[in-house]
Amino acid sequence: MGHGTNRVEDMASPNNGTAGETVVEIHSVCLPPKKTAFQKLKKRVGDVFFPDDPLQRFRNQTWRNRVILGLQSLFPIFTWGSQYDLKLLRSDVISGLTIASLAIPQGISYAKLANLPPIVGLYSSFVPPLIYAVLGSSRHLAVGPVSIASLVMGSMLSESVSPTQDSILYLKLAFTSTFFAGVFQASLGLLRLGFMIDFLSKATLIGFTAGAAVIVSLQQLKGLLGIVHFTGKMQIVPVMSSVFNHRSEWSWETIVMGIGFLSILLTTRHISMRKPKLFWISAASPLASVIISTLLVYLIRSKTHAISFIGHLPKGLNPPSLNMLYFSGAHLALAIKTGIITGILSLTEGIAVGRTFASLKNYQVNGNKEMMAIGFMNMAGSCTSCYVTTGSFSRSAVNYNAGAKTAVSNIVMASAVLVTLLFLMPLFYYTPNVILAAIILTAVIGLIDYQAAYKLWKVDKFDFFTCLCSFFGVLFVSVPLGLAIAVAVSVIKILLHVTRPNTSEFGNIPGTQIYQSLGRYREASRIPGFLILAIESPIYFANSTYLQDRILRWAREEENRIKENNGTTLKCIILDMTAVSAIDTSGLEAVFELRRRLEKQSLQLVLVNPVGTVMEKLHKSKIIEALGLSGLYLTVGEAVADLSSTWKANGQP
């Protein structure tokens, strides 16, 4: 039937050879409404960059309401601030103080992981949370330094600049990297390009995070064993070589203290995981361990000097660091590269954590707003002696379990850090480095997700392979290259899906007009004279030749099967195009060429249910006209019914 007709035919049921007549209505396949090129471009841009239609809430509103909605959109704190009360404040104060007890020791620990002065970790737990509380859309995200971004920054910068021999330059590069991370993150949000981070697939992140966790854990052997001279490399082989080559530096006092507190921290973590109501045990244990270990070192300082400690930490607010940003020189490219990579990782972690807890409380986290909030807080942080920060899963989990209601919990946490910076810094003088190593170890062990990796193995072997590439790349090559390898494998997977799309043969489920894959439904049966194929992807220049060759191969194989079984001659190939969401000029040419080659073999090509834009392009390219009256149908059932009826009327077998 043509796309402009609509008629009813009588036909013999395709499921049997009886003469039973059934009435099947043959529907027309309509062209989409005509649109100008500008209308099409506008819709396409809207679908790509504005899938959430952010301007919808402003329609049919007064100017006053639009201004209010605009402020709420830019500053989410205005959305819930007017309804804030003492009951909410009580919950936020409790949760804020709880996460502060975790953020203070973690901030010091993660700064050392990034090869930065410990005080920078505390600075980074003060300014960024305040900015996020105003700009962020998550109620439960607890902001501060995180292990993965700290590790990546430390490993990338230390490859070119020594954090000990050239500490000032290293610090400048750290702040500059943070600035570029923020610029990159905010730009993604402003330009609504957040889909770019989707190239970091779940499998990639599982493998990368696990590999980074192993590297971080091995790096902590320096602190746990009391080693003074240690490699600056991050790969597993040089790290383990350094551990055993410096056995003479191992300190039994440090080892005993480290194992003791590590056991306590792991035990409290296990208790809180088994009984979430006891979350406060694992939340308070790092700070309690810092206090107890500091007292122990202070009391035994005159008897042993084997246990190293932090030493002097300056009191006071974050000093300005705008003058330390490094915008010219030999290391600028390194700062930009480090900023982009740490920016991607921290952004991915922050958004994932925010959405996780938002789903538990049934509210929405706006991805683009989060990108801008995280980006702006890192840009501001780089000017106030902070390094890359984002939402931490461990702190956010504690924040959620502690009953946080709004982002005010971040303000409370920052206030607690402020008090620490102003008055309590001398108390950390004797804090042993081994306790910082134990805290980091406890935090990163949970990043190795065995169950997620096993699920990848069960569900998708290629995803599991991607996960392994990321994991071993981080372990044996380097952290950034390991990530790059995993992203490359993910891109190859995408290319394979695009260039080698799936096609399947359909058959009829007896007693119905339903056609489904012969490979999935055993009861489905072939229709004599027809080869029914479904294409399950767009048809582009990258796969058009492959699809053409694959369909011709299907036809050859079907004809060979018919000859072997003395079956009914193959007359028609039906292509179900329901899943073909788009087609380009190469795809159109491939369809036209396929029709021509099939005609030479006395085979008819029929298209079924091409969707809007595909239908429009088929019409404009004259392919529908070339297919003729019986070359286009709405459903496979209608195509089989109409063609079978026509053959029967013409006396064809």
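Glycine residues also receive a Cβ, built from the backbone N, Cα and C atoms like all the rest.
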- Query: According to Swiss-Prot, do Ser138 and Ala555 sit on the same side of the membrane?
  - Reply: yes
- Task: With Swiss-Prot as the source, identify the stretch among 332-352, 626-646 annotated transmembrane segment.
- Result: 332-352
- Task: Check the transmembrane segment (280-300) against each of 195-215, 332-352, 408-428, 472-492 and return whichever range has the most CB pairs under 8 Å.
- Result: 408-428
- Considering only the recorded stretches 332-352, 408-428, 434-454, state which has the highest number of Cβ pairs under 8 Å to the transmembrane segment (93-113). 408-428
- Compare 195-215, 248-268, 332-352, 408-428, 434-454 by their Cβ pairs under 8 Å to the transmembrane segment (141-161) and return the stretch that comes out on top. 332-352
- So which of 116-136, 168-188, 371-391, 434-454 has the most C-beta pairs under 8 Å when paired with the transmembrane segment (248-268)? 434-454
- Message: Assess whether the transmembrane segment (371-391) lies in contact with the transmembrane segment (408-428), where contact requires at least three Cβ pairs under 8 Å among residues 6 or more apart in sequence.
- Response: no
- Message: Can the transmembrane segment (332-352) be said to touch the transmembrane segment (195-215) if we require at least 3 CB pairs below 8 Å and skip pairs under 6 apart in sequence?
- Response: yes
